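Per TrEMBL, the features are as follows:
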ACT_SITE  A:E49  active site, proton acceptor
ACT_SITE  A:D60  active site, proton acceptor
Amino acid sequence: MNHIDAVFQELREEGETALIPFITVGDPDLGTSVEIIQALEQAGAHMIELGVPYSDPLADGPVIQRASERALKHNVTLIDCIQTAENARQAGVKLPFILFSYYNPVLQFGLERFFSLIVEKGISGLIIPDLPIEEDGEVRAKAEEANIHLIPLVAPTSHDRVTHIASKARGFVYCVSSLGVTGERSDFHKGIEAFLSAVREATTTPIAVGFGISSREQVERFEGQADGVIVGSAIVRKIEEMVPLLQSPATKQEGLEGIRAFVSALRG
Amino acid sequence: MNQVPDINGRFGKFGGRYVPETLMNALLELEEAYKHYSKDPEFIAELNYLLNQYSGRPTSLYYAERLSKHLGGAKIYLKREDLNHTGAHKINNTLGQGLLAKRMGKTKIIAETGAGQHGVASATVAALLGMECKVFMGEEDTKRQELNVFRMKLLGAEVVPVMSGTRTLKDACNETLRYWVSHVEDTYYILGSVTGPHPYPMIVRDFQRIIGDEAREQIQKEAGRLPDYVVAAVGGGSNAIGIFYPFVNDESVKLIGVEAAGSGIDTEEHAATMTKGRHGVFQGSLSYVLQDEYGQVLPAHSISAGLDYPGIGPEHAYLKDTGRADYFPITDAEALEALQLLSRTEGIIPALESSHAIAQVMKLAPTLDSDQTIVVSLSGRGDKDVQSIMGYLGGTANESH
C-alpha cells in the first residue's frame, strides 16, 4: 500500500484531518531542510510536500518565489531535493513525502530516470502544478507503474472538469481554495463550500484543501470538510523569518523551535 | 502543413497547455469564443474596418533600392509594419484580441510587454474600446524603454513594474499569468506573441498572418512571382509567424528567422533560443527554451528588449524541426550596424528588433543574384529606441543589462 493511503486510512479511523506542510527544499540550505522536516514531524505534520525550487514558478506568489530564489542561489537541483527525502528518512523521519515540482525540471531529467529515482529515495507522491489533465498522460502512466501517487489540482473554476480529474486522482485531490497564486489570504473563493462538496461527491479518494491557509482558524474551518489541509506560504514565510537564526549554529535550534511552534499552533 | 495546431494545441510535438488547473477553464472559454467569433462576419468586418481605417492597413511593400544596390545582390523588399498605428505589427493582434475580449463580455484587459510595443498597442486598443488596461513590464525594461512607459500612461493604462526574477519580459509574462489567475472572471489577457499555452499561439498567428497575406499578394504584383526568401526577427516570434505562415506551403520560398545573439552565442549573454536552447516546457508550452542542464530557465540578453526572451513560440519550433524554416543568430553589434545602414541608405530608422532581420539580410543579399528577391519584415520603427541607441553609439549611459 502507498504510504500516503496508509496515513489517510489511519487518520480516518481516528477522525483526524491531515496537516500537510509545504517547504521549498534548500531554503535556506539542504542540511537545514532536513532539520526543518524533522521539526515539522515533531510539530504533528502528517505528510510533507517537498517543493523543488524553480526559476519560473507560475503558480506561486511572492513568498514561495523568494524561497525558490534563495534555494537557487546555491544551485539546488531536482536530484538534491529527492536526495533530501532520503536524508530525512535516514535522520528518522517517518512521514510520507510528496515531491512538488514544475514540469520542466522533471522533463529534462527524463521520466524513466525520474521515477526510478524517486521510488528508490522513498517518495510516495508527486504534484506537478503546470501539468493539467490534458497533458499528464505519460506521467500518469509511469506514476501508476511505479506506485507513485500523481496528485491532481482542482480549482473552483474547474466546473465540469472536476469529475474527470477526481476520477483519475491518486493519494488525494488537491482542492485549490481560491483563485490566484499561492500565498496567505483572509478570504477564500465565495463558492468554496459548494466546490468542496462537488469534489467530495465526485470521488472516494481523500480531498485536501490548500492555497492561502495560514492560521489555526482557517485550518479549523476546513477540518470538517476535507481530509487534509495544506499549508505552504505561511510556513515558508515563517522559515524566511527564521533564516537569520537558522544560519548561525548558535541560534539554529531557536529558529527550528520557531517553525515547530508555528506548525503546532496550526494543529491546535 | 497548415493543419496545425491540432485539437490539443499541438504543432507536431510542440505547444500544448502546461498551465495550472486554475487557468484551464479560462483557456477553454477563450478557445470556444475564438472559434465562434473568428467565423462571425460582423466580428471580421469590424476587425477589418479597424485594421484599415484605424491602423492604416494594408502596409506597403517597399522596394529598398538603395539598400539593395549598396549590398549588391538580391532585391530587398521591406514589409512596412513600422507604418502601422503605434509603430509596429503588434496592433494587428491587439485589435483582434481586444474585440474578442469585448465580445466575451470582459471589462478589463491585461498585457505583458518587453520593449513596450505590445504594451502600447494594448493600451491603445483599451482606450479605443473603453476598457481598463494594466500592462506588466519588467522593471529593467521600464528603464530601457522609458518613452513607451510614458506613452502607455498617456493612453490611460496602468504600468506595473515587475520586480521578480530577471525583471525582464519573461518575468512580466509570469506576473501577467499570475494576475490573470486571480482575476479570470472579468479580465482578458491579451498575450502579445505566438507563445504561451494553446490557444494563444494559434490566435496570435491568425491575427498576425495579415502581414504575410498582404506581402504575398504585394510581391507577386510587384515582382511577378513569389520571393526567394522571407526574413523576420524572432523573439517570441509573432511578426515572423505572421509573415511566414501564408508562405509555408510555397516550397520554393525559404523562411529565415533571426534571433538575438546579444554579445555572441559563445558568451552567456544572448537570447539565441533556437541556436543554444533545447526542447522544454516554459510558460505554458513545449518549445525550444534557453535552460541549464537541470531545466532552470536561463536569463536572456539582447540589446533589443523585444527579443530578450529565453523562449520562442511552439510553431517556430515545429518549423525548425521539420526543416521548413531556418534560424540564425545576430549579435547586438551587427544589429546596430544594420540599424545605421538602413537609416542612411533608405531614411528609415528601424526598431532594434527589426534591425536583427536587416542584419541577416546584409549577410544574405550579397550571396544572391540580382534577379532574386528577399521580403523582410520591418516589424517596427526605431523611434522608441532612439534614446538607448544614442547611449550605445555615443558611448553614454542607458546600458542594456
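Here the Cβ of each residue, glycine as well, is placed from N, Cα and C on the backbone.
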Worksheet item: Rounded to the nearest angstrom, how far is the Cα of A:D60 (active site, proton acceptor) from the Cα of A:E49 (active site, proton acceptor)?
Response: 14
Worksheet, complete the sentence: Reading the DSSP string in three states, the entry for A:D60 (active site, proton acceptor) is coil
Worksheet item: For A:D60 (active site, proton acceptor), which residues in the same chain are close in space, meaning a Cβ under 8 Å from its Cβ, but six or more apart along the sequence?
Response: A:S68, A:V181, A:T182, A:G183
Discussion item. Check the DSSP secondary structure of A:E49 (active site, proton acceptor), expressed as helix, strand or coil.
Written reply: strand
Item to complete: Starting from the Cβ of A:E49 (active site, proton acceptor), draw a 10 Å sphere and report how many other Cβ atoms land inside it.
Response: 24
